[in-house]
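These notes are about the structure you will find just below.
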Amino acid sequence: RILTRDSPLALMRVPIQCLRKRSNCIVTSKYNIITFLPVNLFEQFQEVANTYFLFLLILQLIPQISSLSWFTTIVPLVLVLSITAVKDATDDYFRHKSDNQVNNRQSQVLLNGILQNEKWMNVRVGDIIKLENNQFVAADLLLLSSTEPHGLCYIETAELDGETNMKVRQSLSVTSELGDPDKLAQFDGEVVCEPPNNKLDRFSGTLYWRDCKYPLSNQNMLLRGCVLRNTESCYGLVIFAGPDTKLMQNSGCTKFKRTSIDRLMNTLVLWIFGFLVCMGVILAIGNAVWERKAGSLFQNFLPWDPSVNNFLFSAFLSFWSYVIILNTVVPISLYVSVEVIRLGHSYFINWDRKMYCSHSNTAAEVRTTTLNEELGQVEYIFSDKTGTLTQNIMSFNKCSINGHAYGTCTMQKNKDFSSWNPLADGGLCFYDGSLLEAVKTGDLVAHEFFRLLSLCHTVMSEEKTEGALVYKAQSPDEGALVTAARNFGFVFCSRTPGTVTVHELGRPVTYTLLAILDFNNIRKRMSVIVRNPEGRIRLYCKGADTVLFDRLHPCNHELMNITTNHLNEYASDGLRTLALAYRDLTEDEWEEWAELYRGAGRTVDFREDRLAAAYEEIEQDMMLLGATAIEDKLQEGVPETIAILSLANIKIWVLTGDKQETAVNIGYSCKMLTDDMTEIFIINGHTVQGVREEDAMKEEETQGLGKACSLGNGFSEKPKNPTSPTSLLESISGEFALVISGHSLAHALEADMEYEFVETVSVCKAVICCRVTPLQKALVIELIKRHKKAVTLAIGDGANDVSMIKTAHIGVGISGQEGIQAVLASDYSFAQFRFLQRLLLVHGRWSYLRMCRFLCYFFYKNFAFTMVHFWFGFFCGFSAQTVYDQYFITLYNIVYTSLPVLAMGIFDQDVPEQRSLEYPKLYEPGQLNLLFNKREFFICITQGIYTSVVLFFVPYSVLSHATQSNGIALADYQTFAVTTATALVIVVSVQIALDTGYWTAINHFFVWGSLGSYFTILFVLHSDILFSLFPQQFNFLGSAQNTLKQPVVWLTIALATVICIAPVLAFRFLKVELKPQLSDTVHTLLFHQKKRKPGVSLGRLGRSGSHRSGYAFAHQEGFGELITSGKNMRLSSLALATFASRHSASWIDTLRKKKHGNIQNTPSTPPAPNFNCDC
């Protein structure tokens, strides 16, 4: 129950426990000052490696088992935790900043009969708020009154559903007169309503006031996130506040995102720890055996420590000592390096000038630095439509009048309509001058065509200044058509509930509006009946050709065939089409039908059905005028981007709140839907059973069509597992698409149907979900994540996309015209959809490649380094003695080998960026996780173990029998240590030189500089100066100089290097020759292809008329009735702009390459099946 704050009933009728009111404050941040440290540390120690290093630190604090200083672990650990904490704190600071901006917005709240300014966060349930034009709605409000007639107000819901067309809301008639604070202060109504929920299109409640009750619906509600438009002011009662509002109920929660490589590394760290324990156990057992059999002989010379009294306890301490010594198989520097590499990749994205939009002065921005390599593994993209794929700008593009097509001549100069029509709109771009000439020369059919467009609509006009008309359209479709009529001399000027005034070629004409036959999704058309000044009555109709052609007079057959051909041409270009027709009525026909119409309008039961029947009766035997074609302008480069991403085996779904027809048209425009598809299925069931039956039917049709296609194309293949339904479906040949409505999707996402739904969409190349709520978008992504185990990316530009952006593995926000909510919730942001191909195919693929190469090399070099201690244990009595001195152990991962691998991880490339876009199949290894997985990990550590064997046993075997030039033996501990360490540094430096695919000056400097730094530091550590200053710490005076001047030592190092590197070179040569990867093939092509031959351009993709949605109409039902009632005579709409989309030939080149098979998949990169079934 909600009551006003000043209501005298509040204390009398509401239980005391209900008086607590929810705050309107919203919180999207994760931490505050008190919780930051414990929560952030808890999150960081969820990383297995951090817990592992903390455990090692504790062990190193025990002097009996530690042979290394504790600072070698605590300093890197604190550094890693601090860097991560600072990054997390910075991210959360911006969330706090955003929350504060929203929570501190001002609202006018009625308190004690006076309007007072209050912050949004202080608004409470039961408050009465005053909203003014262009203000955001602070909470979910019940509209009480408005300055507009009949309690109407107009809102824009782009933040909720992505639609920029205006919607109408109306207060109850009993509250519409409460227009001043004095009356509102006396309002003591009580609202009983449903609990908070996420359904944007539904509200159910009852207002109890003055001993009466009044039903409440969604038409009486103003939801948080809406913007008040074209309404001076209104008052509303707060029903839901803060987290209870429908916007916040749909926004989802901020989730801690990890990449698949992070999760794999957690598993690998556990395996490595298990391997470390096994090595420790082996060496501890060896220690016990050695101490029992041989150690007792040395008690007088090397006695046990006082705390050690038997060989078993010695073995126990030895186990922990070896755990500490061998812990460098996973050094903490790995995680520092990973964060540095990710930061470097983030800066590359931020600095990419090719992802900068000069039009909006917006650069790409990485908002979460920990997900870069995941960009190279995306399999599913879930995209919003409005503002993401399209600009939501409609443009009158072409038309067909009386069998003649206009608008096909795009090479001419844009026509200047203002030279002969002072009321023309300068924003219209139309290049075909023949249509303008037809109007000027008095073509009667052309005049009637544009007369229909100027009369048959629900647009309102407003004259801001003299002669400056501004159209207020509920949908951009209608605005584009009325604007086209305006430019061709038929200017809609004004309307009243009973008249429409049009300037026809400079002459004002007022028509009597007799009836509006309203639009809905079933009729797919709208009509008006008008009487001209001469008294002639005419019905004008516009709608989908699929329904309008059935209602034409038989004499239109030839014209209908010609117009159908034109419509098919327009539809093949992805244009939104409408057919136009008229019918003359006699006075008797009108009077007879008007009586039927009025009778249907007065009925209570089945009113809509009776009205539909009346409409059907009058809309017969019409005469065809022609058709229109409207372009819903795509963002620049959208078709090319989708084509390239599809070639990269990325499945793209469109999740939109728009109508089905609109979404399908855009699907054709951006080439998601094409004529080449075997079938496009549409599911529109409103019940569970209905959806289940449709889904089963589509599945059966898919199997049948797929078998037919398989037989016809000769590509029939028996599934490997005949008992698996999914295997059967995924073996089907052919291309399918699925279009599903929000009502059907709600049932399809239920637990007992979701598996069937996933089976069906698995065989579809394209999926379009229409009329879906923000929460449904998130649920669809969750479904795919759960069943397909694939990396998902969500991209959108409005607050209605926040939920799916947070749910997907990667969230991308478009910096568009619908606010910044999507950007604030995203991991990456940029200005246009076309930048997505560069983000994934260039930056994402490179980031994945670099990270995989970095990890492979890092594990290799550290196993090669650490396992030498393991082999040495068998020759030192298992005493936990290290091969290298502690300074080499400390500096190996920090100085000697850190910078070269960082340079490779940040700068490496396999092919240039242009080739990454030209050959999208290069992206597939990331999707298949081929470059770093458990198999690659075992190969790396096997190579590392092999290297450690060579680096230990070759020097050990040679030096044990070698002598100096003076005859003194070389077989001493320090000589062996220096030889092994030097060989190790040289081998891993040569190995990274082989692994580096793209050399820069920085790579050269780091690789050879690190090698030089090793020798410099080595000689300094064994110099006279340090020995004289710190004789206890640096007691091996001159060992390095003495060792490295021996020729046998250098021969030993050279021999070990050759034995380590030669098998690697041989293996890689054979692999490139016998089993090349796609990148190797591209390298070969680039090497041999000096000049590319010009190709032949592909033909335009067309589609048949059966695939057209048939009409472009996006406004809601009931608006015609609102006009004729006179309740909305002050309607205003959104301003329209134009932004031309351009089409490049790069994607066509890629299609041509795919078609002619220039680049073939190799065994190392499994070829894609003929039918892409994982959409």
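The backbone N, Cα and C atoms fix where each Cβ goes, glycine too.
Residues annotated as active site, 4-aspartylphosphate intermediate in TrEMBL: D384.
Annotated Mg(2+) binding site per TrEMBL: D384, T386, D797, D801, in sequence order.
Neighbour count (other Cβ atoms within 10 Å of the Cβ, all protein chains): 29 for R576 (ATP binding site). Taken from TrEMBL, the feature ATP binding site covers D384, K385, T386, E478, F519, K542, R576, T656, G657, D658, R771, K777, N800, D801.
Here TrEMBL flags 23-74 as domain 'P-type ATPase N-terminal'.
Within the model, the domain 'P-type ATPase C-terminal' (823-1076) carries an average pLDDT of 90. The domain 'P-type ATPase C-terminal' feature in TrEMBL is assigned to 823-1076.
As annotated by TrEMBL, transmembrane segment applies to 52-81 (among others).
Per TrEMBL, the feature transmembrane segment maps to 268-290 (among others).
As annotated by TrEMBL, transmembrane segment applies to 310-336 (among others). For the transmembrane segment (310-336), the residues of the chain that approach it from at least six positions outside its boundaries are 47, 49-50, 52-53, 56, 59-60, 62, 64-68, 73, 76-77, 79-80, 83, 269, 272-273, 275-277, 279-281, 283-285, 287-288, 291-292, 295, 304, 858-859, 862-863, 865-866, 869-870, 873, 878-880, 882, 889, 892-894, 898, judged by C-beta separation under 8 angstroms.
The transmembrane segment feature in TrEMBL is assigned to 854-875 (among others).
Per TrEMBL, transmembrane segment is recorded for 887-907 (among others). Long-range contacts of the transmembrane segment (887-907) within the same chain, counting only residues at least 6 positions beyond its ends with a Cβ under 8 Å from a Cβ of the stretch, are 68, 72, 328, 331, 333, 337, 340-341, 344-345, 850-851, 853-854, 857-858, 861-862, 865, 977, 981, 985, 988-989, 992, 995-996, 998, 1000, 1002-1003, 1006-1007, 1009-1010, 1013-1014, 1017, 1021.
Annotation comment: TrEMBL describes 937-956 (among others) as transmembrane segment.
Beyond the transmembrane segment (976-994), the same-chain residues lying 6 or more positions past its ends with a Cβ under 8 Å from any Cβ of the stretch are 857, 860-861, 864-865, 868, 883-885, 888, 896-897, 900-901, 904, 947, 951-952, 954-956, 959, 1007-1008, 1010-1011, 1014, 1018, 1039-1040, 1043-1044, 1049, 1052-1053, 1056-1057, 1060-1061, 1064-1065, 1068. Annotation source TrEMBL lists transmembrane segment at 976-994 (among others).
Taken from TrEMBL, the feature transmembrane segment covers 1006-1029 (among others).
For 1049-1070 (among others), the entry in TrEMBL reads transmembrane segment.
Highlighted: of the candidate stretches 268-290, 854-875, 1006-1029, 1049-1070, 854-875 has the greatest count of Cβ pairs under 8 Å to the transmembrane segment (937-956). Checking each of the binding-site residues (R576, G657, R771, N800) against T386 (Mg(2+) binding site), the C-alpha distance stays within 10 Å for G657. For the recorded positions D384, D797, D801, the largest tally of other C-beta atoms within 10 A is found at D801. In this structure, of the binding-site residues T386, N800, the smallest number of CB atoms within 10 A of the CB marks T386.
When the Cα atoms are compared, D801 (Mg(2+) binding site) and D384 (active site, 4-aspartylphosphate intermediate) turn out to be 7 Å apart. Cβ neighbours of R771 (ATP binding site) (same chain, under 8 Å, six or more residues apart in sequence): T656, G657, D658, K659, Q660, S741, G742, H743.
Across the fold, the C-alpha of F519 (ATP binding site) and the C-alpha of D384 (active site, 4-aspartylphosphate intermediate) stand 26 Å from each other. Straight-line distance linking the Cα atoms of D384 (active site, 4-aspartylphosphate intermediate) and D797 (Mg(2+) binding site), rounded to a whole number, equals 8 Å. Distance noted between the C-alpha atoms of R576 (ATP binding site) and D797 (Mg(2+) binding site) is 23 Å.
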